[in-house]
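So that you can see what the record holds, here are the features copied from Swiss-Prot:
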| type | residues | note |
| --- | --- | --- |
| TOPO_DOM | 1-19 | topological domain 'Cytoplasmic' |
| TRANSMEM | 20-37 | transmembrane segment |
| REGION | 38-58 | region 'Disordered' |
| TOPO_DOM | 38-576 | topological domain 'Lumenal' |
| DISULFID | 120-353 | disulfide bond |
| REGION | 130-239 | region 'Catalytic subdomain A' |
| BINDING | 171, 200, 330, 366 | substrate binding site |
| BINDING | 223, 225, 358 | Mn(2+) binding site |
| REGION | 299-361 | region 'Catalytic subdomain B' |
| DISULFID | 344-417 | disulfide bond |
| DOMAIN | 440-572 | domain 'Ricin B-type lectin' |
| DISULFID | 453-474 | disulfide bond |
| DISULFID | 501-516 | disulfide bond |
| DISULFID | 542-561 | disulfide bond |
């Protein structure tokens with residue numbers, strides 16, 4: 001438990017004896033009692049307590065809206081535009097990668113449909129005993145309506161007794177509407193503070209500006225284009241009240257960037273993972289986790305988090321070393337923090353009763369050139385020898401300047417964190433760990449068609465299977481040209497999750513991708529012979545580099561075996 005870790009590892013000033021701890025708890029209880037007096041005029045009779053009427057009222061009441069208002073109850077809006085209006089909408093998408101033209105026409109106070117498990121409504125909270133939170137929202141050149149809708153959503157769904165403040169951190173925006181106009185608007189709202197960076201900091205350091213100024217016991221980080229579901233805050237704070245070393249994420253519901261439809265789901269949420277490119281991925285909850293749950297609304301352990309929305313004890317955040325300040329833009333920082341939470345004694349969880357809608361932009365609205373360096377820092381500090389699996393699939397990452405990680409490694413040693421093998425074995429056993437045997441991974445190059453390699457680039461990142469494997473000029477950058485020949489005689493395309501294996505369907509001669517199986521089917525087995533011949537076990541035919549008939553490109557096909565160099569293949573780890 002983290003409590004033991006604090007006594008064993010924290011500085012002397014934080015080591016308290018049993019008497020001091022009891023005194024501290026007594027003071028906390030007295031503080032809660034005084035707050036109860038000042039807010040309600042009555043004194044609770046003492047434990048066991050039940051929530052008092054009215055104690056969960058939000059900071060601001062939500063104003064009534066017409067039932068037919070645009071986007072009411074999270075409904076999709078599809079405007080029929082033409083001429084100048086259509087041009088303005090397209091311009092807003094180009095600038096923000098979100099349909100801001102539509103967002104500006106949807107109320108800042110719209111209600112969302114109920115998208116949580118009905119059991120969540122039955123949960124009772126002891127509001128006087130829950131910690132108060134500071135909600136930190138960093139932004140850079142955000143559109144007016146999406147930013148203000150986020151702020152109002154927090155104020156109109158968060159119990160007043162639980163919300164210490166909302167801290168908006170302006171990361172050196174240069175848009176006119178985010179200057180005096182924003183300051184004037186926010187000055188009229190209760191519990192809202194605006195902090196402005198004096199230079200462009202990037203998401204990580206901007207969030208740290210907010211965290212350092214926060215007065216709440218819990219830090220709740222949100223992105224700047226969110227809408228909070230009713231009852232989103234209480235489950236996060238309740239869980240941290242129960243276990244201070246738990247970092248808790250809400251269920252992230254999608255808000256469509258174009259129609260602003262709220263696509264929440266009351267069913268089982270997904271959890272976070274990653275692939276060996278160190279790209280965050282979503283996954284279904286594994287059976288082992290389901291078996292440990294007593295109720296469908298129990299917290300769900302997650303190997304990683306998306307990173308934009310989570311709550312953490314401020315004290316525990318500081319103990320863990322907060323964010324890695326060597327990181328700037330978003331990307332990679334979420335995996336680094338996820339690894340650190342787990343390896344250093346905490347838990348990372350998703351709470352099914354906490355839902356927050358998030359507008360996922362069409363694509364990133366600004367450059368994230370330093371995201372690769374973030375991933376390299378995460379690999380260097382936390383992944384031990386497994387970082388080589390990342391570098392094999394991202395050769396360019398070896399050349400990426402990533403700064404000094406000496407202090408982060410000292411932090412890992414100070415906190416006596418576990419190794420990455422423990423993380424893979426204990427936290428994420430579902431992730432396949434590649435073998436990467438020398439001479440059997442990298443670019444699979446053809447000997448006859450010189451300079452051409454197997455290449456697979458599915459059009460949909462979320463559906464890796466079902467498309468033909470092709471041949472393109474070797475580029476040496478891994479990714480879509482990285483393959484591994486395993487001891488199970490598979491040719492794995494394992495840069496992404498879920499992993500895919502080259503397959504030949506019965507009666508056909510084209511090589512396509514299908515999901516790898518626990519037991520290797522015959523149509524996924526290939527024999528790589530010493531002379532480089534690649535034989536498909538089921539058909540007994542050889543893989544040959546062949547010109548495609550329709551588009552003059554090249555692709556591998558099954559052909560009767562010959563002595564042709566076009567049927568000989570070899571792995572090459574990097575471009576010479």
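Here the Cβ of each residue, glycine as well, is placed from N, Cα and C on the backbone.
Structure coloured by features recorded in Swiss-Prot.
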residue : record                 : DSSP (3 states)
120     : disulfide bond         : helix
200     : substrate binding site : coil
223     : Mn(2+) binding site    : coil
330     : substrate binding site : coil
358     : Mn(2+) binding site    : strand
417     : disulfide bond         : coil
453     : disulfide bond         : strand
474     : disulfide bond         : coil
516     : disulfide bond         : coil
561     : disulfide bond         : coil
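Nearest by CA distance to residue 501 (disulfide bond), out of the binding-site residues 200, 223, 225, 330, 358, is 330. Residues of the domain 'Ricin B-type lectin' (440-572) grouped by DSSP class, helix first, strand second and coil last, total 9 helix, 55 strand, 69 coil. Put simply, of the recorded positions 200, 344, 417, 474, 542, the one whose Cα is nearest the Cα of residue 223 (Mn(2+) binding site) is 200. There are 24 other CB atoms within 10 A of the CB of residue 542 (disulfide bond), with all protein chains counted. For residue 330 (substrate binding site), the number of other Cβ atoms no farther than 10 Å from its own Cβ, over all displayed protein chains, is 21. The Cβ of residue 474 (disulfide bond) has 20 neighbouring Cβ atoms from other residues within 10 Å, across all protein chains displayed. Fewest Cβ neighbours within 10 Å among the binding-site residues 200, 225, 358: that distinction goes to 200. Under DSSP, residue 344 (disulfide bond) is assigned to coil, being neither helix nor strand in the three-state scheme. Averaged across the region 'Catalytic subdomain A' (130-239), pLDDT for the predicted model comes to 98.
Residue counts of the region 'Catalytic subdomain A' (130-239) by helix, strand and coil are 43 helix, 29 strand, 38 coil (DSSP-based). Within its own chain, residue 171 (substrate binding site) has 138, 139, 140, 197, 200, 201, 202, 203, 206 as residues 6 or more apart in sequence whose C-beta sits under 8 angstroms from its own. Looking only at the disulfide-bonded residues 353, 417, the densest Cβ neighbourhood within 10 Å occurs at 353. Comparing the disulfide-bonded residues 344, 501 by how many other C-beta atoms lie within 10 angstroms of each C-beta, the top residue is 501.
Proximity to residue 417 (disulfide bond), judged by a C-alpha distance within 10 Å, picks out none of the binding-site residues 225, 330, 358.
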